[in-house]
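Residues or ranges marked as active site, proton acceptor by TrEMBL: H539. Summarising the annotation, TrEMBL assigns FAD binding site to K134, G200, T224, G225, S226, D403, M409, L410, A411, H412. According to TrEMBL, the NAD(+) binding site annotation covers G261, S262, G263, Y264, I265, G266, L267, E268, E284, G357. Taken from TrEMBL, the feature disulfide bond covers C125-C130. Residues or ranges marked as domain 'FAD/NAD(P)-binding' by TrEMBL: 88-418. Under the heading domain 'Pyridine nucleotide-disulphide oxidoreductase dimerisation', TrEMBL lists 437-548.
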Amino acid sequence: MQSSISLSLSSPSTICRSDSSAAVSNANVNLLTPRSLRFCGIRREAFGFKSLNSSLSTRLPASNATRRPNRIAASLAGNGAPSNCFDYDLVIIGAGVGGHGAALHAVEKGLKTAIIEGDVVGGTCVNRGCVPSKALLAVSGRMRELQNEHHMKSFGLQVAAAGYDRQGVADHANNLASKIRSNLTNSMKALGVDILTGFGTILGPQKVKYGDTVITAKDIIIATGSVPLVPKGIEVDGKTVITSDHALKLEFVPQWIAIVGSGYIGLEFSDVYTALGSEVTFVEALDQLMPGFDHEIGKLAQRVLINPRKIDYHTGVFASKITPAKDGKPVTIELIDAKTKELKDTLEVDAALIATGRAPFTKGLGLENINVQTQRGFVPVDGRMRVIGASGELVPHLYCIGDANGKMMLAHAASAQGISVVEQVTGKDHVLNHLSIPAACFTHPEISMVGLTEPQAREKAEKEGFEIGIAKTSFKANTKALAENEGEGIAKLIYRPDNGEILGVHIFGMHAADLIHETSNAIAMGTRIQDIKYAVHAHPTLSEVIDELFKAAKVKANTSSPVAEPVAA
């Protein structure tokens with residue numbers, strides 16, 4: 001008989017128990033699912049398998065059929081007891097979105113789980129990134145619409161001059177972050193995840209220290225995230241020269257602000273600041289703005305998001321030195337040519353935002369104790385997020401997810417990687433398809449993408465010997481977009497005409513961040529264009545932009561994947 005023992009957060013106890021029931025259960029489940037298949041959150045019915053619950057009663061012995069549901073119920077009721085004489089089955093270092101997703105999935109799988117956090121639950125995304133920035137962008141979107149007299153008149157609306165309360169806007173962002181942080185904390189507490197406060201350091205194989213306490217775990221996940229990257233020569237004072245961490249507090253709205261970097265972070269903040277009345281100057285090291293975006297998408301985005309607004313820009317230059325405002329003097333920025341390194345210009349502005357990307361937060365983790373060397377600060381991992389040692393060998397029972405491994409620095413990618421790792425440690429071989437993970441920039445209108453860019457697709461096609469096709473649709477042909485007077489936008493599909501494989505999708509337009517998921521899920525499931533083009537979309541909706549995109553593709557192959565028998569209405 002197994003006993004349930006609650007562990008103290010400050011001094012965990014070591015409990016041993018037989019885990020034979022789990023082993024039997026996992027073994028039987030694996031019989032149902034061939035190892036060659038990778039289920040990335042896809043219902044098994046899509047591949048011709050019955051659901052787990054319905055198949056257990058017919059495929060497993062009676063004793064196992066009754067035991068499995070009880071095990072699931074137990075795992076959902078709370079954090080279980082650890083196995084094999086460890087304090088925990090799983091310890092996660094870092095309570096950001098990635099760590100949180102891994103912890104919840106681990107408890108659902110019946111693992112005794114702890115999460116270590118040295119700062120606050122939620123990490124960068126919730127406290128200094130995705131969440132508060134979307135609160136500010138919600139404000140900027142409404143301000144921008146209210147300020148657009150022509151747009152309002154097109155609806156027959158008359159609106160008085162719009163204004164805003166800076167502190168009220170800042171409070172909205174802060175309150176949202178607090179609410180989401182509380183929700184994340186409560187969700188873990190409700191499942192019994194042990195939240196351990198302190199900076200986590202790996203002492204050796206399967207051994208972690210936080211504060212003055214040492215604990216052991218069968219498996220460990222590093223999920224420590226990232227911090228803003230500040231290039232050399234830039235002095236950040238947190239007031240006039242700031243990073244995104246400072247900008248999200250919105251302590252003041254400068255009349256003129258320089259934004260160093262025109263990627264996702266820079267673009268989103270340009271949207272916020274110009275809506276609130278600031279003039280913006282972009283400083284971009286590469287020869288074009290928005291270098292990470294599809295060229296056609298970037299070209300249209302510049303025409304809509306930059307040219308009509310109070311934004312100017314310098315491309316092909318580095319901000320070699322930035323000095324904060326002092327003694328009544330403005331912020332000074334020295335610009336040098338990116339190629340010749342010669343001084344080209346000096347800017348004097350009210351503030352400067354450093355949006356040059358993010359750097360992994362991996363210092364002090366004790367990686368030297370397990371013979372792991374970072375690469376440009378990132379923890380090296382393989383396709384299954386297993387940490388790779390300095391000699392090229394895999395470090396047993398150690399994984400790294402999220403920004404700290406550098407594979408894809410997005411919060412939802414970290415969460416997906418964490419879930420994938422939990423699947424592996426509970427007996428399933430799971431490989432996450434990173435090409436199916438979407439990305440979005442929440443400007444007005446939005447930009448989103450998934451899969452390969454056109455240059456990447458052409459390079460792949462040349463290496464593997466196939467042709468690529470391009471299909472495009474316009475928001476100007478969409479009834480819902482026209483009803484909203486939001487016809488600016490395009491969707492672009494990159495695909496293989498020979499077999500209908502979706503290689504990449506790029507969207508610029510109203511609610512692009514929501515529209516991208518139909519295509520990202522299609523890539524994840526391996527759905528071909530010749531199948532998905534028969535899907536039905538409600539009319540009139542923005543989703544028809546994607547519907548028309550698939551219908552516009554010219555696929556030579558007529559073969560389709562097996563389809564389940566129709567269900568009578």
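Any Cβ shown, glycine's included, is placed from N, Cα and C.
Mean pLDDT for the domain 'Pyridine nucleotide-disulphide oxidoreductase dimerisation' (437-548) in this predicted model: 97. Considering other CB atoms within 10 Å as the measure, the emptiest surroundings among the recorded positions K134, H539 are those of H539. The maximal spread of the NAD(+) binding site, taken as the longest Cα to Cα distance among G261, S262, G263, Y264, I265, G266, L267, E268, E284, G357, is 15 Å. Excluding G261, S262, G263, Y264, I265, G266, L267, E268, E284, G357, which define the NAD(+) site, the same chain contributes I259, F269, M290, A355 within 8 Å (Cβ to the Cβ centroid), listed in sequence order. For T224 (FAD binding site), the nearest of the recorded positions C125, L267, E284, H539 in terms of C-alpha separation is C125. Most Cβ neighbours within 10 Å, among the binding-site residues T224, S226: T224 holds that distinction in the structure as shown. Neighbour counts of Cβ atoms within 10 Å were compared for the binding-site residues G261, G263, and the top value is held by G261.
The recorded positions shown are C125, C130, M409; of these, the one with its CA atom nearest the CA of L267 (NAD(+) binding site) is C130. In the set C130, G263, I265, E284, none of the recorded positions has a C-alpha within 10 Å of the C-alpha of M409 (FAD binding site). Of all the recorded positions listed here (C130, L267, A411), the one with the fewest other CB atoms within 10 A of its own CB is C130. The helix, strand and coil residue counts that DSSP assigns across the domain 'Pyridine nucleotide-disulphide oxidoreductase dimerisation' (437-548) are 42 helix, 29 strand, 41 coil. Ranking the recorded positions C125, I265 by C-beta neighbours within 10 Å puts C125 at the top.
Rounded to a whole value, the Cα-Cα separation of G263 (NAD(+) binding site) and K134 (FAD binding site) is 16 Å.
Counted over every protein chain shown, other Cβ atoms within 10 Å are most numerous around E284 among the binding-site residues E284, M409.
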